[in-house]
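Okay, structure first, notes after.
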Amino acid sequence: MANVVVVGSQWGDEGKGKIVDWLSERADVIVRYQGGHNAGHTLVIDGVSYKLSLLPSGLVRGKLSVIGNGVVVDPHHFVAEVEKLRGQGIDVTPDVLRVAENAPLILSIHRELDAMREGSNSGLKIGTTKRGIGPAYEDKVGRRAIRVIDLTEPETLRPKVERLLAHHNSLRRGMGLEEIAVETILTELTSVADQILPYIDQVWRVLDERRKAGARILFEGAQGALLDNDHGTYPFVTSSNTVAGQAAAGSGLGPTAIGYVLGITKAYTTRVGEGPFPTELNDEIGEFLGTKGHEFGVVTGRKRRCGWFDAVIVRQTVRTSGINGIALTKLDVLDGLEEIKICVAYELDGKRIDYLPSSMGAQARVKPIYETLPGWSETTAGARSWNDLPAQTVKYVRHIEELIGAPVAMLSTSPEREDTILVTDPFHD
């Protein structure tokens, strides 16, 4: 019985929510291991939509859900999201939700700094959600973060806040912002402490005990591997590691506990925010994909950029995340196109390459090299077996497998969880 890591294989928004929900019904424990409340997803269960951005998807199914130490937690958003779920009839208690005691907190100063940087008229715009994710990770690495466990120790909380503000107030002075008083941050923290502390735990211990007891653990990744701080399109990336290896570091469970890595892969490509996008389509096909695929961000509402499937970046992610198989999503969006293109390589300064360069300049200069396949006029929407798929659709899927070097384990043909074709069970050893 394998544990499963779910990772986005592109730039996020691949449809992880539906796949995670499908898998979470069979899992015993669901773990968030990186990111914050900057990447959202929607679950549709019995006609009811649940929009989550911080809490693990397993909560809506009553499964033990864990926020690992690799996540940055906005305590006020945490409380709001818990209350929203309760308002939809979901029972959220410490019996089903645990938060790592060593998870860093996002504070108001992080959100303000994030917004100020992104709104600046000078410098490089990354396209953040302005929710304080990046600045919170900066403080974690700088060893000045306030962590969840600090809320239990008033005697050490004040000096930690003082140290934090010594850094932030120097930044604020340089940006022409008013300095923040220690009491302001202390009040911000103490006002919410009683609502988050009942959920804290030694998550590494809880997960290890569950693993030894034979529980099936599902690691729920946020965003996509091409937004990874090391392996993504730097600097147009997020502030955490999003590749599958982070599941171990961000949960406290050793890497040998990771069994199967499932890469969620959209049948075309999208990206939100700034950064290179070799196969982007600024034409009627791009508009078609965006409109039919409802390509708008769950958290920000921002319109996503759309383009053809890029086998180069997915093949690279298969390697950097150790992907065993992919879940191919939104196949139905391609229905009706006369022809479909797949990027199989890039041209860089007159040379053919089979990888995405690390250099920002080179990433901007690469040109896609396409193969063109015939499309299909039949519908794939709602298909639940290979026999339901048009012959040309099957050829498209098989060609993707060949190009990326990984098999398709699951196929999604609509937002409904039942419209899923299972090829390989990720939980099966």
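Each Cβ is built from the backbone N, Cα and C atoms, and glycine gets one as well.
Quick caveat, the model's predicted, so the values are computed rather than measured.
Per Swiss-Prot, the feature GTP binding site maps to 12-18, 40-42, Arg304, 330-332, 412-414. If you look up Swiss-Prot, you'll see Asp13, Glu14, Gly15, Lys16, Asn38, Ala39, Gly40, His41, Thr129, Arg143, Gln223, Thr238, Arg302 marked as IMP binding site. Annotation comment: Swiss-Prot describes Asp13, Gly40 as Mg(2+) binding site. Taken from Swiss-Prot, the feature active site, proton acceptor covers Asp13, and the record attributes it to sequence analysis. As annotated by Swiss-Prot, active site, proton donor applies to His41. Annotated substrate binding site per Swiss-Prot: Val298, Val299, Thr300, Gly301, Arg302, Lys303, Arg304, in sequence order, evidence recorded as sequence analysis.
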Cβ-Cβ distance under 8 Å to Leu331 (GTP binding site), same chain, at least six residues away:
Ala267, Thr380, Thr393, Val397, Leu411, Ser412, Thr413
Taking the Cα of Arg304 (substrate binding site) as the centre, which of the recorded positions listed as Asp13, Lys18, Gly40, His41, Thr42, Thr129 lie within 10 Å of it?
Asp13
Calculate the distance in Å between the alpha carbons (Cα) of Arg302 (IMP binding site) and Thr42 (GTP binding site), and round it to a whole number.
15
For the binding-site residues listed here (Gly15, Gly40, Gly301), tell me which residue's CB has the most neighbouring CB atoms inside 10 Å.
Gly15
According to DSSP, which kind of secondary structure is Gly301 (substrate binding site) found in, if we only use helix, strand and coil?
coil
Give me the CA-CA distance between Gly15 (GTP binding site) and His41 (active site, proton donor), in Å, as a whole number.
8
Among all protein chains shown, how many Cβ atoms are found within 10 Å of the Cβ of Asp13 (IMP binding site), not counting that one?
27
